[in-house]
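Peer 1: Would you mind keeping the following structure in view while I ask a few things?
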Amino acid sequence: MSNKIKLSIINHLIELRRKIINCIIIIITTFIILSYFSNYIYHIIAIPLIKLLPYGTKMIAINIASPLFTPIKLTFIMSILITMPFNIYQIWKFIAPALYKKEKKIIKPLIFFSFVLFYSGIVFTYYVIMPILFLFLTKTVPNEILITADISNYLDFIMKLFITFGISFEIPILILLLCIIKVINTNILKNNRSYILIITFIISMLITPPDILSQIILALPMYILFEIGILFSTIYENTIQKIR
């Protein structure tokens, strides 16, 4: 290996190290700022359940350390979610010089809309999914049972919902990307709609609570997003054909 190649590799590693340090610094800074509001942030996250609990009922902490560590855990997760665009931008700045101009024109919009869809999935979960799901769960409990929730288990459950729906909202981008690189095409997707619908219900069954409403609440948006992905991909394919 020549000295020029070695120097190039070293320079790339130094640049990568700098980008990683930038990401760590912004995450830590955001975490420190949010830590002051950690209890308030948790309260906001818990509102969809709290307002449906019986009068006088509060959330509980099974573990003695949960009141301290659960808000901290939430703050750390929120720090990562909030700084994700900056961190991805750092990665983009590192890999962009190695890409062709045509590749950059395709990837940049995909990255932007992937963020929009991911955060839209989280907002959709908070304002639509959680109220419906918790209303159903609280109304189906027998009168003899007092409803409450452990703060740590609740956080884990909510984060699972956020991540699940955030990733699910990436389905249109994934389908479009697969069509762009010609792994699949819209004809294949259209001819296999029934199988896709079954797959969405299987996925929702594996990652949601064991009740049919939760599975439907996740499966239907996933399938709708699949159809949106087909629509975007069809527009892309028609545009390419016109150019040719």
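Cβ coordinates are placed from backbone N, Cα and C, and glycine is handled just like the others.
According to TrEMBL:
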- 20-50: transmembrane segment (TRANSMEM)
- 70-89: transmembrane segment (TRANSMEM)
- 110-137: transmembrane segment (TRANSMEM)
- 157-181: transmembrane segment (TRANSMEM)
- 193-210: transmembrane segment (TRANSMEM)
- 216-236: transmembrane segment (TRANSMEM)
Peer 1: Do any residues, 6 or more residues outside the transmembrane segment (193-210), come within under 8 Å Cβ-to-Cβ of it, and if so which ones?
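Peer 2: For the transmembrane segment (193-210), the sequence-distant neighbours (Cβ-Cβ under 8 Å, at least 6 residues beyond its ends) are 133, 137, 160, 164, 216-219, 222-223, 226.
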Peer 1: Mind checking which residues of the chain, 6+ beyond the ends of the transmembrane segment (216-236), have their Cβ under 8 Å from one of its Cβ atoms?
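Peer 2: Beyond its ends, the transmembrane segment (216-236) has Cβ neighbours at 124, 129, 132-133, 164-165, 168-169, 171-176, 179-180, 185-186, 189-190, 196-197, 200-201, 203-204, 207-208.
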